[in-house]
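Below: one structure, written as structure tokens.
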Amino acid sequence: MGRADPEEGQLPAPVKPPDGGWGWIVLFGCFVITGFSYAFPKAVSVYFKELMKDFHVGYSDTAWISSIMLAMLYGTGPVCSIMVNQFGCRPVMLIGGLLASAGMILASFTTNIIELYLTAGVLTGLGMALNFQPSLIMLGTYFDKRRPLANGLAAAGSPVFLSSLSPLGQVLLEKFGWRGGFLIMGGLLLNCCTCGAVMRPLDAGMKRKMEKVQDKYEAKEMLPMGGKSEEGISTTDGNKKAKKAKKKPKKGKKLLDFSIFSNRGFIIYTISKFILVLGLFVPPILLVNYAKDTGVPDTEAAFLLSIIGFIDIFARPACGMVAGLKWVRPHVSYLFSFAMLFNGLTDICSARASNYTGLVIFCVFFGISYGMVGALQFEVLMAIVGSQKFSSAIGLVLLIEAFAVLIGPPSAGRLVDALKNYEVIFYLAGSEVVLSALFLAMATYCCLNRGKKTPPPEKSPPVGGGSDTEEAESDVQEAEEHSSDNHQPAHGTDNAVVVASEEANHVEDEQSGEGGRCPDGDGEVLARAGCNAEQTVERDSF
């Protein structure tokens, strides 16, 4: 997927997605990659207190490690797209797994916070970015009819890994310290290489091999054995190459396809996604501190995030199943708008929650809506741009989201420090999410659905166009069988050819004789059909 054809200089023809088979292995790999990519930056926060003691820095200094990881995950999107289009998904993922693992292993030997930024932040973040984007591209390659369900199941990796990596990090910290924990975490990230290895590309290579074998077999059957047979095979190959040269002129490789900006649906999606990210991540980041300020104990406040993660695990696959229904899938962008609207209204309605029960209710509804958004975001993008341009589209979208990630949560934190009021932040974040939902729904309805024109009815093919060829081939096969039944091995091939030519001429006469005259058309078409004046006179005499 994404690799250019070395002979033609352009992308190979798309192959029909199998919607199963090896695709389930690819789905599992995507599940693991998504879990590491989204959960790892949050799970690293378990080590922050020990890092603060060893390096004598503040919490904001250590928090930059997670921020750099996320910035690399989002900001390097175009770089990942270029590498995927140039080298393919599997090599990029293998390199990414090695970089992610090497970053955490080197981080275990660092002596200051700057070295941690470069190793655990930049190197590991880049490695996870090189895994995350190609895994989604491969998922869209292997699934079509079941793609919404596949996206939902893959997205469930984020809450599953978050609920498992954080306790694991705490255990590693207590037994081996933060250096030993980083070293073991680096070993775990080598599983990304395993996931990359199973991303077998779907291309037309096998299809071309089968066609070549079939052509040789047909040439051997139709021609006598010996030098003539090989002559016919070489002639067939030469004709195919000549046709390819005419039909497919060489083109330069597109490392990053900017033509997707001419797609109005992509522009609408990108704008709405930018507005969404400004407020989507703010509530879960501030939730624990908000609960503590309302008088909730520390352990119960931390449990609120576990509630969101548990609900999120089931919400994503369930939403993927709903999105895959026949009457829902054509309108999946409206379902995505509803999910965002649901999430934004949850933030607004829960802004005044003042007790633990109210916060638990907020976490339940936020987990459902957050899971719906996570399951649908990439499915909608695939539906808009298609699998062929998805590698470029997701890279550009993630780059734009990176700016929103760097603007939204930090700005919310500064407003909390200035206003000392979480209620305003929840109102603001919810309003941004609601605005993105309304913009996506209204723009999709006004700019896309109303702009669609009914396609003109397709012209019916001419009588016998395409089917006569199949009939002629079947006649040839019947002639061969007939000749073999007569037990004439010495002249079987010659008889088959003679009878086949008579049958083919008979089909051509019927094809050209309909209506008692030749159809109007180009001279080449008339010549192929065997329609000329002499044959018409002969038919009239009969």
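Positions of Cβ are set from backbone N, Cα and C atoms, glycine also.
The feature compositional bias 'Acidic residues' is assigned by TrEMBL to 468-478.
In this model, the domain 'Major facilitator superfamily (MFS) profile' (23-448) carries an average pLDDT of 84. The domain 'Major facilitator superfamily (MFS) profile' feature in TrEMBL is assigned to 23-448.
Annotation comment: TrEMBL describes 227-248 (among others) as region 'Disordered'.
Residues or ranges marked as region 'Disordered' in TrEMBL: 451-542 (among others).
The transmembrane segment annotation in TrEMBL covers 21-40 (among others).
For 63-84 (among others), the entry in TrEMBL reads transmembrane segment. Long-range neighbours of the transmembrane segment (63-84) within the same chain, counting only residues 6 or more positions beyond its ends whose Cβ lies under 8 Å from a Cβ of the stretch, are 1-2, 37, 40-42, 44-45, 48, 51, 92, 116-117, 120-122, 124-126, 128-130, 132-134, 137, 255-256, 391-392, 394-399, 401-402, 405-406.
Per TrEMBL, transmembrane segment is recorded for 91-110 (among others).
According to TrEMBL, the feature transmembrane segment maps to 116-137 (among others).
Among the features that TrEMBL reports, transmembrane segment is placed at 181-202 (among others).
As annotated by TrEMBL, transmembrane segment applies to 266-291 (among others).
Nonlocal intrachain contacts for the transmembrane segment (303-325), taken as residues 6+ away from its ends with a CB within less than 8 angstroms of a stretch CB, comprise 145-153, 155-156, 158-160, 162-163, 284, 287-288, 291, 332, 335, 339, 359-360, 363-364, 366-372, 374-376, 379. Annotation comment: TrEMBL describes 303-325 (among others) as transmembrane segment.
The annotation transmembrane segment is assigned in TrEMBL to 332-353 (among others). With a threshold of 8 Å between CB atoms, the same-chain residues lying at least 6 positions outside the transmembrane segment (332-353) that come near it are 148, 269, 272, 276, 279-280, 283, 294, 319, 322-323, 359, 361-362, 365-366, 368-370, 372-373, 376-377, 379-380, 383-384, 422-423, 426-427, 429-438, 440-441, 444.
What TrEMBL lists as transmembrane segment is 359-378 (among others).
What TrEMBL records for 390-412 (among others) is transmembrane segment.
As annotated by TrEMBL, transmembrane segment applies to 424-448 (among others).
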Folded-back contacts onto the transmembrane segment (359-378), same chain, C-beta under 8 angstroms, at least six residues removed:
136, 148, 151-152, 155-156, 158-159, 273, 276, 280, 283-284, 287, 290-291, 294, 296, 304-305, 307-320, 323, 332, 335-336, 339-340, 342-343, 346-347, 350, 353, 394
Remote residues contacting the transmembrane segment (424-448) - C-beta distance under 8 A, at least 6 residues beyond either end:
264-265, 268-269, 271-273, 275-276, 278-280, 282-283, 286, 333-334, 336-341, 343-348, 350-351, 408, 412, 415-416
Which listed range (21-40, 266-291, 390-412) shows the maximal number of Cβ pairs under 8 Å with respect to the transmembrane segment (116-137)?
21-40
Stretch in 21-40, 181-202, 266-291 most in contact with the transmembrane segment (91-110), if contact is a CB pair under 8 A:
181-202
Against which stretches of its own chain does the transmembrane segment (390-412) lie, if we need a Cβ under 8 Å and a gap of at least six residues from its ends?
1-2, 70-71, 73-82, 84-85, 133-134, 136-137, 140, 254, 256-258, 260, 266, 269-270, 273-282, 285-286, 378, 381-382, 384, 425, 428-429, 432
